[in-house]
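Visitor: Just dropping this structure here.
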Amino acid sequence: MENESSNSLFHKAFNLDISRRDVLKTGSAGTLALAAGSIPLPFVSTGASAQTASATAAEERVVWSACTVNCGSRCPLRMHVRDGEITWVETDNTGLDEYGNHQVRACLRGRSMRRRVYNPDRLKYPMKRVGARGEGKFARISWDEAYQLLADNLKRIIAEYGNEAVYLNYGTGTLGGTVTKSWPPASSLVARLMNLCGGYLNHYGDYSTAQIAAGLNYTYGGWAAGNSVSDIANTRLLVMFGNNPAETRMSGGGIVYHLEEARQRSDARMIVIDPRYSDTAGGREDEWVPIRPGTDAALVAGLAHVLISENLVDQPFLDRYCVGYDERTLPEGAPANGHYKAYILGDGPDGIAKTPAWASRITGIPSRRIVQLAREIGSTKPCYIVQGWGPQRHANGELISRAIAMLAILTGNVGINGGNSGAREGGYSIPFERFPTLENPVDTSISMFTWTDAIARGPEMTATRDGVRGKDKLDVPIKFIWNYASNCLVNQHSEINRTHEILSDEDLCEMIVVIDNHMTSSARYADLLLPDLTTSEQMDFAMDANAGNMNYLIFADQVIEPLFECKSVYEMCSEIAARMGVGEAFTEGRTQEEWLRHLLAQNRRRDPDLPDFEAFREMGIYKRQNPNGFFVAYRDFRADPEANPLTTSSGKIEIYSEALAKIAAEWELEESDVIDPLPIHASTFEGWDSPDRARYPLQLIGFHCKSRTHSTYGNVALLKAAVRQEMWINPIDAQSRGIVNGDSVEIFNDRGRVHIAAKVTPRILPGVVALSEGAWYAPNRHGTDQAGSINVLTTQRPSPLAKGNPSHTNLVEVNKA
Amino acid sequence: MGWHEFPLVVFTVLAQCAVGAFILLGALILTGRLEEASLRRLNRPMLIIWVLMGVAFAASTLHLGSPLRAPNALLRLGGSWLSNEIFLGSLFFALGGLFWLLTLLDKVSPLLRKVLLGIAMLLGVAFMYATIHVYMIPTVPTWNTPFTPLGFFLTSVMGGALLAQLLLNLSGQGYRLMARLLPWLGALAIVVALGSSVAHAMSLAGIQSAIQSAIDLVPHYQSLLIIRLALLAAVLALWLFALRSMRHQPLVLCASFVLLLAAEMLGRNLFYNLHMTAGL
Amino acid sequence: MTQYGFYIDSSKCTGCKTCQLSCKDYKDLDVDINYRRIYEYAGGSWQADGDTWQPSIFSYYLSIACNHCAAPACVPVCPSGAMHKRSEDGLVVVDTDTCIGCKSCAMACPYGAPQYSARKGHMTKCDGCYERVAEGLKPVCVESCPLRALDFAPMEELHERYGNLAEVAPLPSASLTGPSIVIKPNRNARPVGDTTGSLANPKEV
Ligand code: SF4
């Protein structure tokens with residue numbers, strides 16, 4: 001048996017002494033048994049080990065749990081437990097796995113959950129900061145002290161500055177739960193607690209979708225829906241703008257799986273438009289069109305030029321359903337020739353015809369290909385045009401998101417089976433009422449991206465310059481931050497060095513509370529650090545998957561006892577509520593499990609098909625097909641636009657937006673920021689055509705690393721080794737810098753420096769480098785990050801309309817380190 | 001260039017030198033009609049051969065992940081060349097050592113000892129043959145070439161001849177015909193080694209898999225090879241110099257042998273670093 | 001004897017490595033041991049044309065564990081007999097109680113399957129989850145694949161269902177060891193013997 005028995009993660013992680021901890025005695029027996037049971041020896045002739053295997057097999061339990069991270073999927077995990085220790089992680093193994101009633105299979109990350117639970121980085125007990133902010137020096141304190149410290153400061157700050165000085169930072173570390181969800185923060189238990197204590201400063205938008213949410217809101221009204229990914233089974237042509245489910249929706253019950261299954265059924269051609277030859281392409285695409293980052297709107301304009309001049313647009317659709325395509329539907333207040341057609345054909349204010357040749361120079365795509373592409377899109381019906389969220393995460397992302405949707409609109413693919421709105425794919429979800437978090441008495445709201453500014457210069461921030469909502473300006477700066485299951489305090493927020501500077505000044509933000517599982521780079525900046533339970537250590541219901549036509553709910557049961565002194569966020573908030581004098585109102589007398597039973601019972605009253613608590617617990621995953629078949633976005637609107645108007649001010653699809661024209665006229669914008677009533681192409685700061693390219697010649701974009709969900713799982717050694725953190729660079733750019741595959745390089749601009757290995761690969765457009773977001777920031781003595789954390793290089797300058805993060809708009813230079 | 005297979009480098013080089021020397025001296029003993037006194041004088045320093053064999057085998061166990069299970073290495077005798085190698089090597093060590101001991105103690109009849117000697121010499125040859133086959137792996141294109149047996153054989157000849165020379169001179173028998181022929185043998189082997197190394201290096205250019213080219217396996221391969229060849233030239237120079245000047249002869253021969261070990265270990269390490277498979 | 005083997009659909013494989021990690025979890029492997037390895041083979045070039053670029057590049061993944069070959073390279077070189085081919089299912093397994101850790105099998109295998117564990121002092125490798133197979137289950141990796149790009153069955157079945165291809169670049173010629181695999185090639189796949197591409201992720205395999 002050799003060393004098998006020492007291979008307990010639990011032991012390795014915490015290096016505990018067997019003789020002193022009972023739990024470990026059993027743990028050790030458990031691993032021995034695991035070794036005997038799952039890594040048996042072929043020639044074990046000895047009856048003894050065979051006996052051990054069968055004797056302990058009986059003791060193994062399987063408990064359903066879930067992976068609750070922000071990957072856009074959601075996976076059930078079947079935890080195999082022996083003697084109170086998770087021995088291995090299985091996933092959905094139910095049924096025959098036929099598409100439509102398929103298994104929801106966890107990805108590599110979920111399968112590594114055991115190493116996240118038993119991670120050496122786990123926070124073990126409450127701690128308070130003793131060094132400087134961010135230095136990472138903490139002293140252990142009792143829970144009582146922690147609660148008291150928190151409540152005292154909260155009371156003090158509310159009394160001194162008011163509730164608007166309290167901020168719930170964006171955080172998606174625990175997603176899709178019912179009790180434990182950290183996102184949206186307004187639906188978290190922390191929000192419930194704060195709402196009982198007078199409220200907090202709201203935020204709008206999110207780091208994933210700020211620009212598209214803001215942009216398409218003016219096109220379609222509200223969050224733009226997309227056809228179910230399953231509907232690709234009904235299309236003939238699939239056009240993906242920066243959509244990369246193979247790296248962003250990786251569950252085996254999620255979008256990438258649906259995409260491949262649906263395409264097998266329709267055999268639709270797939271065109272992938274992306275600066276990277278992504279894993280979604282990877283030989284499955286019929287055509288890959290590499291494009292310069294931030295220029296998708298120019299490509300669309302070039303395509304539109306062909307569509308319009310070759311009469312491939314759906315004129316009846318444009319006339320009936322849209323506003324502002326041509327003079328026929330241009331709103332009255334708009335300038336003459338302010339319509340889209342004029343913009344494209346060169347009759348608009350800029351006088352430039354957006355010919356394929358024009359677009360070609362901007363996008364880097366040969367005009368011949370643009371013409372072909374336009375003809376193919378214009379002549380293939382239905383056509384599923386879809387955008388991921390990479391194209392919009394730019395300084396001109398609002399315009400880009402609207403421009404891509406234009407393609408679907410021009411071709412009349414909105415509201416039909418096999419078509420799409422041009423937004424990201426949608427799907428079905430099972431309605432389920434969550435933990436009530438009550439009303440926030442405070443109306444004021446900022447863009448989630450501007451919280452560092454709100455700390456540094458809050459009262460200077462206005463509605464028309466900084467996008468403050470609910471008030472003309474902020475009255476107080478942020479003084480208290482709740483950071484629950486969030487690494488956005490440092491790692492996932494742009495321009496880490498600026499954040500560091502702002503947070504380092506303890507006179508600005510006075511109290512930072514971090515609730516998390518691990519010592520993240522954000523946790524290092526806490527004043528008070530509260531160790532949270534992982535999903536494995538508590539009971540919850542998990543949901544919110546993007547999952548095409550088949551959605552599901554997961555009973556995430558408690559798998560193991562809480563480790564160390566960790567406590568659930570429910571218990572923490574209850575205790576703090578009690579100290580704030582709202583204890584009873586917070587818990588309503590229920591425990592976490594009682595809440596879950598209560599919520600399920602309530603939901604069953606509305607939806608009797610839901611299983612009862614015990615049945616749900618037993619089945620682990622409850623699946624349901626969309627009872628209405630394929631979800632088609634705006635189907636009703638398409639059927640009868642008068643009876644089912646959109647929520648835009650005109651009730652129609654607004655190609656020309658009067659609301660945006662007004663904003664463009666009224667807002668104070670920084671130089672080179674563009675807000676336009678039409679979905680035009682605009683150059684940006686640090687774009688491909690920026691003069692700054694003289695100094696920083698390479699465009700740097702982020703992408704999603706397969707071994708992390710943003711930063712979650714970023715401390716699991718096995719995952720780090722499986723998909724290494726690397727900067728992608730084309731051999732042409734590498735060669736001119738003397739870089740070969742695997743070399744250590746320095747990426748830098750005025751905001752910071754990063755050292756990381758180079759992946760020299762033809763899979764990326766020359767002139768562009770890419771670094772996956774989410775690596776755990778690890779500065780050396782000189783402040784140079786050694787982990788490949790992209791936010792050392794990104795900017796805090798927000799996009800014009802959404803005031804969102806332009807994470808992919810960066811210029812850098814790269815040298816051999 | 002890594003040295004992760006250093007135990008094997010030591011094992012193969014020392015064993016090959018020891019076997020080479022043993023066979024050469026054995027041939028002298030069998031055919032040279034040595035009188036009893038000379039035989040005993042020669043036998044004494046032959047201890048060095050067994051010391052080298054001992055070091056070689058000790059080193060080989062360092063290569064194992066579970067040295068305590070080393071006996072399991074014999075389980076596939078007849079089937080696996082590694083089993084055969086270890087078995088034949090051990091048998092050679094045992095019988096050769098027995099011959100040496102019996103000669104030292106002057107036990108059993110000289111004829112019987114000669115029979116034992118002959119058997120041990122044959123075992124030595126078989127041992128060398130098995131070693132070659134351990135590395136003639138069809139899936140390892142850089143090893144599965146005639147250069148592998150040639151290289152191993154040349155190590156035996158060069159190292160064996162020089163070691164035999166040293167032992168003969170130590171025992172005051174440098175006057176014998178064999179002792180006078182050995183430098184020629186050594187020189188010939190070294191010249192062949194020079195030529196074949198170059199040919200081998202050139203042959204590497206033609207070996208590649210989808211992901212690996214033999215010429216890329218060892219950075220600075222050519223420079224390292226030149227160092228090895230220069231060392232071999234120095235070995236020969238010292239060897240010949242030692243035979244001309246009578247003073248400090250054993251010392252200079254010793255130095256020459258040490259250089260030869262260095263050259264061959266470097267060469268053998270290059271060999272191990274050239275490992276690649278036909279696939280991944 | 002039934003010979004079991006793997007089906008590898010490289011046309012579906014997105015290189016997500018769930019197979020690798022589910023195996024590492026189930027078998028409780030250390031960081032540096034990969035019973036299943038995902039090879040990224042990529043190549044090609046770019047042509048500049050004025051302001052524009054035209055790529056002619058390719059890349060694809062191959063998920064390779066142990067191929068439980070008909071004529072395994074690892075078995076004949078093993079001096080202890082620890083590395084053996086099971087008669088009941090044709091799976092090639094190392095008896096970790098016998099193995100002396102001489103690494104001969106690792107030197108011989110052209111697929112990188114046997115890997116030495118310094119901590120354990122012996123060789124380790126994919127055993128086809130033969131215990132699960134005996135219970136009628138498939139190996140953990142196969143059941144984990146989010147894209148359903150892996151399968152495991154008796155070779156006759158695999159041949160019937162998926163054909164006979166057992167070699168594409170960067171794998172070695174199937175004639176060397178007779179791997180018990182069937183591959184569905186990616187559209188980008190290059191034939192065995194191709195040297196126009198390179199292994200894009202040498203440190204991940
Ligand atoms: S990270 Fe997402 S896809 Fe992967 S297991 Fe977790 S929920 Fe599933």
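Note: Cβ is positioned from N, Cα and C throughout, glycine not excepted.
TrEMBL annotations: computationally assigned, not manually curated.
Below are the features I grabbed from TrEMBL:
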TRANSMEM  B:6-34  transmembrane segment
TRANSMEM  B:46-66  transmembrane segment
TRANSMEM  B:86-105  transmembrane segment
TRANSMEM  B:117-138  transmembrane segment
TRANSMEM  B:150-170  transmembrane segment
TRANSMEM  B:182-205  transmembrane segment
TRANSMEM  B:225-243  transmembrane segment
TRANSMEM  B:250-271  transmembrane segment
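Have a look at these and tell me how they're positioned relative to everything else.
Guide: Note on the transmembrane segment (B:86-105): residues 15, 19, 22, 39-40, 43-44, 46-47, 49-50, 53-54, 57, 60, 73-74, 77, 113, 116-117, 119-120, 123-124, 126-127, 130-131 of its chain, located 6 or more positions outside it, place their CB under 8 angstroms from a CB of the stretch.
Beyond the ends of the transmembrane segment (B:182-205), by six or more residues, the same chain brings 24, 142, 145, 147, 150-151, 154, 157-158, 161-162, 164-165, 168, 214-215, 221-222, 225, 228-229, 232-233, 235-236, 239-240, 243, 267, 274 to within a C-beta distance below 8 angstroms of the stretch.
For the transmembrane segment (B:225-243), the residues of the chain that approach it from at least six positions outside its boundaries are 158, 162, 165, 174, 183, 186-187, 190, 193-194, 197-198, 201, 249, 252-253, 255-257, 259-260, 262-263, 266-267, 270, judged by C-beta separation under 8 angstroms.
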Visitor: Are there three or more C-beta pairs under 8 angstroms joining the transmembrane segment (B:150-170) and the transmembrane segment (B:46-66), sequence spacing 6 or more?
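Guide: Contact between the transmembrane segment (B:150-170) and the transmembrane segment (B:46-66): present, because at least 3 Cβ pairs are under 8 Å.
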Visitor: Between B:6-34, B:150-170, B:250-271, who has the most Cβ pairs under 8 Å to the transmembrane segment (B:117-138)?
Guide: B:6-34
Visitor: Going along the chain, which residues at least six beyond the ends of the transmembrane segment (B:250-271) come within the CB cut-off of under 8 Å?
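Guide: Residues 1, 3, 5-6, 8-10, 12-14, 16-17, 143, 148, 151, 155, 158-159, 162-163, 165-166, 169-170, 197, 218, 221, 224-225, 227-229, 231-232, 234-235, 238-239, 241-242 contact the transmembrane segment (B:250-271) from elsewhere in the chain.
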